[in-house]
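As structure tokens, the structure follows; a few thoughts come after it.
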Amino acid sequence: MAEQPSNLPTAYDPKRAEDKWYDYWIEGGFFEAGKDPEKKPFSVVIPPPNVTGYLHIGHALDNILQDILVRWKRMEGYDALWLPGMDHAGIATQAKVEARLREEGVSRHDLGREKFLEQVWDWKEHYAQIIRNQWRKLGLSLDYSRERFTMDEGLSQAVREVFVRLYQKGLIYRGKYIINWDPATQTALSDIEVIHKEVQGHLYHMNYPLKDGSGSIRVATTRPETMLGDTGVAVHPEDDRYRDLVGKTVILPVVNREIPIVADEHVDAEFGSGAVKITPAHDPNDFEIGLRHDLPQILVMDETGTMNENAGPYQGLDRFQCREKIVDDLQEAGVLTEIEAHTHSVGHSERSGAVVEPYLSTQWFVRMKPLAEKAIQDIRSGEGVQFVPERFEKIYLHWIENIRDWCISRQLWWGHRIPAWYCTDCSETIVAREDPDHCPKCGGEHLHQDEDVLDTWFSSGLWPFSTMGWPEETEDLKRYYPTDVLVTGYDIIYFWVARMIFSGLEFTGTKPFRDVLIHGLVRDAEGRKMSKSLGNGVDPMEVIEKYGADAIRFMLSTGVTPGNDVRFRWERVEAARNFANKIWNASRFALMHLEGVKAEDLSLNGPLSTADRWILHRLNETVERVTAGLNRYDFGDAGQSLYHFIWDELCDWYIEFAKLPLYGDDEAAKDSTRSVLAYVLDQSLRLLHPFMPFITEEIRQHLPVEGDSITVASWPQSQSRFEAPEAVGEMEILIETIRAVRNTRAEMDLMPKQQVDLLIRAGEEAVPAFRNNEAAIRRLCGVDRLEVDPSLRRPERAMALVVTGAEIFLPLEGVIDIEQTIAKLEGERKKLDKEVERVEKKLANEGFVNKAPAHVVEEERQKGREYREKREKVVNRLKELRGE
RNA sequence: GGACGGUUAGCUCAGUCGGGAGAGCACCUGCCUUACAAGCAGGGGGUCGCAGGUUCGAGCCCUGCACCGUCCA
């Protein structure tokens, strides 16, 4: 590398590293799968973002988690494939393009279908490029050679194949039913595209007069404008109040239509008056009742929500204007006698926000029961998709068990055109893989294709296999399908996850992924959902610009608890940035001492110090913990244990200990310290790489180690030769001692430069810890004279400290305050008294001693011994200080 | 109405064998100690929502309740 370590800036600069290394990775083809057929495959498909616009921070979280898994598996030696792609997002994208056209005063109808679609494709290309650039900024290790789009040729082929197969199996049908109609975007919606909100509305009570003049029947509704489409009144067959009225006729006010009173089990006799008006064309329940009683279906609105010719005097009014007017009129006419405040659930379009109108319309549907059955069986078999966290399985199951037929046709232009043709000559419907040119029934050539397109999720549901080439038996499909894990938010379990599962089972005969990892939403600092209207969204690119990609990656990935929402807080990004900087500087330190050193100069076979053996032991444990964390998708635990290891152990202790040999004269010690430092740093960088890819590559490129890129460096393994429990024991004593001395120095207001003497009376077991590390103690405690002697005589007028296995004296003639020393020891004694009491009480409890596991009891006894020993020393010191 | 999640330090959250309550930030004290002031050293701070129960032992398991949130109907 051109830069000398000593010239490296003292702060990590993400901007200098990120683009450079991403280019290097892409040019080097490190993310392209399939290069080594010997390796085991590991595959993930990205949840395709909509080409509607920019990625938000939720995408960032989702993608970062996947990237961590994929990078980790790649380092573990798998042939890792992460397949990128995007979704055409029918309604959303079309709405955006239409909105832009509207600004120019043009409607899609002005342009015509073909011209309009050209515009949408332009839009798609524009945003696809933006999204790719955002992926790049996030550092995602995607295989761009396999990028897919839901409206690609191949994926469209898959859509058509699926449609035809389902149609031929009788699982797709076309019919006239009540669907959810969005008057704003003027298309049908599926059930889950409707969001139910509690709305403060009214319940309107009306009296419909009986034809025979014998009175009236009282009905209630929340949507009085629909009364214009009433074709019946229904009561419960067991309801005595109305028994005599069943079969009679009422005159519908305003339109003066004669409509029957029918008896139907479905009516809830407890609600309102127990009689309900029936509007078969504008309500799903009424539709069913209407069918049972053969009632006419009268639509009173058009596609825009405007009252139509069937609305008589109200024709031309918007549905809500009509409601107001009709309420006034009916009140005046004495028909509407009571208005009651009433909260009820009103469906809104997920996309446009408009109040959804239940609407009678001819649409295409998927018969869900048989498909759902397979999915339910699969999960019940125990061999099905594994949800992580497990609780989401229940949510999924509940939905799939109660699923209704899926309305898949959309009155849009942007999407997969429904592969159905109608013969104008004989009105035959033709569903085919290839566009037909004549009617197979009558031979006529007057065919026209269905105008509608398919629900976006129809194609997204095929994503894991359509992207791999299905229905062709491609090499990729054989090698990478089914995928290993799908990572997505809980908000699209129904929309997407469920549909991929039943589609995978139906068309490929296997579940599309082994695990599905569900994460939460990224909320703002106050816990509110990020939204455009609140303006509280955080742009991930802004975060990267300010703090670097590694910072946002580390913050988001380690801040999450599986399945729970995470709040975005700038302080935490800053903390992650500081961590990156910490690593940068630790590396700078290491590089300063490795200048001119080559990989082959390094060896861990030299004499290793206590600290060397301790850090290698701790590295072992960290490797195991990080790997275990990733294995169970616990990014938080994996990341935090790494953070702790690097910052608190490697930086705060090991490097401080390492400075002695590194700045000393003992060349052998220097060599082995350099080797350990380089090794531990390299291993730490590897463990950190999935979380912070850029800085780890940047640093490792400076280190004297083998290999092209850290992206393909092997994943660390714990090694039994590094196990050194005795070094851990020694370090614990040293750390406790150093802390105790520093603590005392702080309390006595000693300047850092002021040296003290330290006399240590160590028990036999603790002697090696001190003897082997005298220089370190001197350095880290600011010690001038140091004596370690098991038979040391207590000096006069000295501060006394008690640590595990030793007593420490600081003769501070002229500085020591005897009262302060006594107070300190008294505090210590009180604490130890409490501990001893707690332990003894526990051990005196027969239940504990008899029932607790032996090792727990033994640990407790051991603690008791240590506390008593320590307390005895403290008490003796106090006695001496008081001259007793 | 049903289901699920949450309630732990001032704030945001960990706590996956039931065995002495943790982190980051914030706060207080002292330090520009030649890797790092985006830092170092030291320190204070919690009735683990409430009430019962199981257990030798409960933040953790069971029951009930309260409040916040989400999904479904």
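Cβ from N, Cα, C; glycine included.
Any TrEMBL annotation is an automated prediction that lacks curation.
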Stretch carrying motif ''HIGH' region' according to TrEMBL (options A:49-59, A:346-356, A:401-411, A:742-752): A:49-59
From A:84-88, A:529-533, A:714-718, A:719-723, which range did TrEMBL mark with motif ''KMSKS' region'? A:529-533
May I have the DSSP-based helix, strand and coil counts for the residues of the motif ''HIGH' region' (A:49-59)? 3 helix, 1 strand, 7 coil
Go ahead and report the DSSP secondary structure tallies for the domain 'Methionyl/Valyl/Leucyl/Isoleucyl-tRNA synthetase anticodon-binding' (A:612-758): helix first, then strand, then coil. 108 helix, 3 strand, 36 coil
How many of the residues that make up the domain 'Valyl-tRNA synthetase tRNA-binding arm' (A:817-881) does DSSP mark as helix, as strand and as coil? 61 helix, 0 strand, 4 coil
